[in-house]
Amino acid sequence: MEPWCGAEVRGQGPQGPRVPGASRSRSRALLLLLLLLLLLLPRRPAGERIRPRRPPRHAHPRPPLTRWRPSTGYLAAGASPGTLSTTVPTGPGVSCGSRGICPSGRLRLPRQAQTNQTTTAPPNSQTMAPLKTVGTLGMMDTTGSVLKTVHSSNLPFCGSSHEPDPTLRDPEAMTRRWPWMVSVQANGSHICAGILIASQWVLTVAHCLSQNHVNYIVRAGSPWINQTAGTSSDVPVHRVIINHGYQPRRYWSWVGRAHDIGLLKLKWGLKYSKYVWPICLPGLDYVVEDSSLCTVTGWGYPRANGIWPQFQSLQEKEVSILNSKKCDHFYHKFSRISSLVRIINPQMICASDNNREEFCYEITGEPLVCSSDGTWYLVGMMSWGPGCKKSEAPPIFLQVSYYRPWIWDRLSGEPLALPAPSRTLLLAFLLLLILLGTL
């Protein structure tokens, strides 16, 4: 008797009996192919597409904060005055982690109270030699000469302001107060603010670096952008690096820029002084409390009321941190974009600042810096906004901590890797292989 409804006998197909184990062998081959593809996938540059996973909280002891060591321009853990003090790793020059990255604790920033010819030749090679710490008393170059001796309780770390009096507002005092501020110039004209994070590296926003056939230079140690000073240096830019995920527009309107960050590598390193000093980068896992008072510094809009630029000398303005959810809600009402679309994402941070026309910094990448126990951290860089005349809309800064791994990868000289496919695509590909294996 034939099977009901012409059903095939198990183990046989319309063309005859199946070969035992053929389907299983084909499935195994497909799975091996999938494993090979996963092994060959290029590594994703950290900090460009995904948010780094937060490390677990540790109440006791608190993990050390990660800081720039100005003498070398590399990441290292070290001590600082006050409650942020940590233990230095054993032995001089010890790097943290496999690539020199040290674990960072949760930094909760509290509320705060309120012309000479520029040298264009590279400095002496001995001056440019990398420095290393010697115990806790001083620094030496690679030749063994003592360059500077410091007290053990006053080690020279990043984020040190060299002007303690906040009432002084003259240009020279402003340079000492914000020694990491540099002017990024294209073909001799100021276009954006930059932030010194190492002797040969400047951080800025990507939308200032999108021009072609431009000669970039960086002016450091000067409060003016239209003249030099005895403390200033103009250094040509050797290399421009823009985050490969940068998008000038995230949506169909003016709202938002994505991954608006870039790096400038200088042709030679700057010599540190009280007018030239790097700022600290916050750790991967840190918190800036809502309503905390921070500072925006820079030169403002490059062209205001027909006058270029808005300010010739360095300016500063205090702003307060705005809750991200409130900021996102405001922009949904302001732009009429669907509430299903998230406008303010984890790579952004909002600030409350009224009367921005007086100091309009919306398109020139001015930094947002916050102080904790006397140490200054680069929290954000001005990315986008609706315009300084619409002061009711908060300015949106790129959140620097999100891009800390990307910055370190570029500074450590790792090759630029292609972005890896998302987990969703990998899962879909795996399901497709399983379906093919059952045929």
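Any Cβ shown, glycine's included, is placed from N, Cα and C.
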Problem - Among Cys327, Cys370, Cys388, cysteine joined to Cys350 by disulfide in Swiss-Prot - result: Cys327
Fill in the blank from the handout: The residue that Swiss-Prot pairs with Cys370 in a disulfide, chosen from Cys294, Cys360, Cys388, is Cys294
Practice task
State the residue range annotated as region 'Disordered' by Swiss-Prot; the candidates are 1-22, 221-242, 243-264.
Solution key: 1-22
Practice task
Quick one: which of Cys158, Cys192 does Swiss-Prot link to Cys208 by a disulfide?
Solution key: Cys192
Practice task
Determine, to the nearest whole angstrom, how far the Cα atom of Asn187 (N-linked glycosylation site) is from the Cα atom of Asn226 (N-linked glycosylation site).
Solution key: 13
Handout entry: Rounded Cα-Cα span from Cys388 (disulfide bond) to Cys327 (disulfide bond), Å
Key = 16
Exercise for the section: Do me a favour and check the Cα-Cα span between Cys294 (disulfide bond) and Cys350 (disulfide bond); whole Å is fine. Expected result: 11
Fill in the blank from the handout: Asn187 (N-linked glycosylation site) falls, by three-state DSSP, under coil
